[in-house]
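Features of the protein shown, as given by TrEMBL:
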ACT_SITE  His9  active site, tele-phosphohistidine intermediate
ACT_SITE  Glu85  active site, proton donor/acceptor
BINDING   8-15, 21-22, Arg58, 85-88, Lys96, 112-113, 156-157  substrate binding site
SITE      His155  site 'Transition state stabilizer'
Amino acid sequence: MSYFILVRHGTSEWNAKGLWTGWTDVNLNHQGREQARQAGESIKDIKIDKAYTSDLKRAQQTLEEILKVIKVNNLPTVITPAIKERNYGDLSGKNKWKIKEQYGEEQFMKWRRSWDIRVPNGESLKDVYARVIPYYKKHLLPELKSGKNILVAAHGNSLRALVKYLDHISDKDISKLEFGLGEVYFYTIDGQGKVVAKEIQSVNPMKGKI
């Protein structure tokens with residue numbers, strides 16, 4: 001058995017302003033670092049063998065804060081663009097709630113939560129899934145099968161893609177899944193790579209509102 005722990009980064013400077021971030025490389029704010037530390041508290045009793053994070057600072061800073069809490073130095077860590085956030089294209093840097101006012105609730109939710117609708121000049125969740133899951137199968141799954149405990153510090157949509165795969169969520173129902181800032185998902189994986197248990201630890205009362 002192994003633990004597969006998924007952590008969404010804490011609140012970033014742009015999250016706090018309600019801006020679509022995507023591939024824009026912004027820092028965590030003070031609240032985001034605190035959320036990361038709280039995430040660390042929730043996993044400090046688990047021996048982590050390896051970590052994966054994206055090539056964006058907010059995910060890396062989240063991992064840094066977690067490692068301070070769990071007091072682990074020199075943890076083998078892979079930084080990969082495969083698990084970076086969804087590319088929000090023309091919406092990047094724009095205020096979510098102003099976009100909602102401009103285009104209406106229906107179009108807003110299609111862009112924000114649908115499975116296969118791309119934002120203009122950007123990605124859909126389906127596109128994110130197409131890069132995240134092959135990477136998971138090739139690199140992370142063999143390590144989990146071998147009994148290693150793996151920590152992933154990443155982003156809302158790359159983690160939604162992983163949860164969709166692990167929980168066998170339909171294309172339709174994935175629109176209902178919100179992975180909150182600073183939230184932690186604990187999966188127990190058996191030697192065949194199958195999920196045998198799951199627990200969610202939420203540290204963000206503003207889930208779904210940012």
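Note: Cβ is positioned from N, Cα and C throughout, glycine not excepted.
TrEMBL entries are annotated by machine, without manual review.
What TrEMBL annotates, mapped onto the structure for a quick look.
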{"residue": "Arg8", "record": "substrate binding site", "Cβ neighbours (10 Å)": "31"}
{"residue": "His9", "record": "active site, tele-phosphohistidine intermediate", "Cβ neighbours (10 Å)": "31"}
{"residue": "Thr11", "record": "substrate binding site", "Cβ neighbours (10 Å)": "22"}
{"residue": "Trp14", "record": "substrate binding site", "Cβ neighbours (10 Å)": "20"}
{"residue": "Gly22", "record": "substrate binding site", "Cβ neighbours (10 Å)": "22"}
{"residue": "Glu85", "record": "active site, proton donor/acceptor", "Cβ neighbours (10 Å)": "25"}
{"residue": "Arg86", "record": "substrate binding site", "Cβ neighbours (10 Å)": "24"}
{"residue": "Lys96", "record": "substrate binding site", "Cβ neighbours (10 Å)": "18"}
{"residue": "His155", "record": "site 'Transition state stabilizer'", "Cβ neighbours (10 Å)": "26"}
{"residue": "Gly156", "record": "substrate binding site", "Cβ neighbours (10 Å)": "22"}
Secondary-structure category, per DSSP, in which Gly156 (substrate binding site) falls: helix
Secondary-structure category, per DSSP, in which Trp14 (substrate binding site) falls: helix
DSSP three-state assignment for Arg86 (substrate binding site): coil
Cα-Cα distance linking Trp14 (substrate binding site) and His155 (site 'Transition state stabilizer'), given in Å to the nearest integer: 14
Cα-Cα distance linking Glu85 (active site, proton donor/acceptor) and Arg8 (substrate binding site), given in Å to the nearest integer: 10
Inter-residue Cα distance where the pair is Thr11 (substrate binding site) and the residue listed as 'active site, proton donor/acceptor', in Å: 14
